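To start, the structure itself, in structure tokens.
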Amino acid sequence: MAGFISTAKQARAAAVALLLIMLTAACPALAQQAEPYRVTTGDRLSVSVYGNPDQSGELRLDADGAIVHPLAGTVPALGRTLEEIRGDLSARLAEFLPNPTVTIGIAAYSPVFVLGDVQSPGEYDYRPGLSVLQLIALAGGVPRDPLGLTGGFLSILDAKRDAEMQSLAIFAAEVTIARLQSELSDESFVTTGITPPPLISRSDENRIIDDEHQLYALRKEKRAAQDRGFEAQIQSYDTEIETLEKSIVLHNDELALMEEDISATQQLVERSLATPTRLREVQREKSAKLRDALELQMYLSRARQGKVATTRERTDAGTEFRTAVGESLKAARADLVQAQLRLRTIEETLANLRSSRELAADGGAESDLVLTVMRASGDELQELPITANARLAPGDILRVTRPAFAAGATN
């Protein structure tokens, strides 16, 4: 019996020894799996120096990846474990404090970011163990309705309203072009050849046509009134010119008669039948008539110049009117082309939106997510594929993309 007990004790001792050997062998693997956290950019460290509250507090990494302690100075932190930083800080504080007891922890991790096809993209606080799926949930999840994508899709309702507005703009531009062409050719304004789009109401159609007809009538009357004004001025100049020409003819006849009177008086003076005074009086009357004749010629020249100037103004006014109409016609045609292009784009977008909504209704959109993470690697960011259950690291930037909708947006 004593031998049996001794043998049992030996067996138990051997089992314990074997278990210790197995645990010792497993420790390196466990330690390798639970690698200590290394500080990254954006982290805030909590430093506690026992018995020295003035040397304790939160420290943020600076641009060089170090923390600056008020007593210990600059301590490198980026890429180091908390234990490494604690040891370095303790050694520096030992120069000033006897046997300092230092504790270091993470006050706040560097935030993580999410962008792309989520409800609320942006910055979120990191917590240890945060997974990709959890971050997507924090961001409101992936929109089931593709109309709400952050890529900038218009809603179907907005697209329909924009299509109606562009159709209205196209019809208005076509009516304006017809009115301008009528003004340019001086023909009657008709809109029988213009077909209104089905998206606009009958009242909008009538309002646009009535407004253009009213504008056409007002502009035509204004142009006619201006032309009548020029015509009246020209007729006035013609009357003045005709009157002056007749006056000049009469003056010329009177001058011829006065010339005969002067010649007869001259003969009488030579025969001493008339005095020289009478001769001078007749000569002065002739000079006065000559001055009157010169004034009539001056007035006639002014009247003719006035008629020429008014005729030129009339021509210039017509040219300016046609030029303005031509420029307006050019602008209206450009507006028409732009509206047609915008409508075509809106119709394509509307078709993409409808097909995207059908994709979302089928439920296949959310299962087709593409997940990538941009993670710091040295001084650069690397974009890597990642799964929904993967763990994120502080400072990660998660990108969520739905290829089906992204392709629809670029078509």
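Heads up, the Cβ atoms here are built off N, Cα and C, so glycines get one too.
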Pick from 122-149, 234-261, 290-317, 374-401: which range does TrEMBL record as coiled coil?
234-261
Can you identify, from 21-48, 161-188, 329-356, the stretch that TrEMBL calls coiled coil?
329-356
DSSP on the domain 'Polysaccharide export protein N-terminal' (32-106): how many residues come out helix, how many strand, how many coil?
17 helix, 25 strand, 33 coil
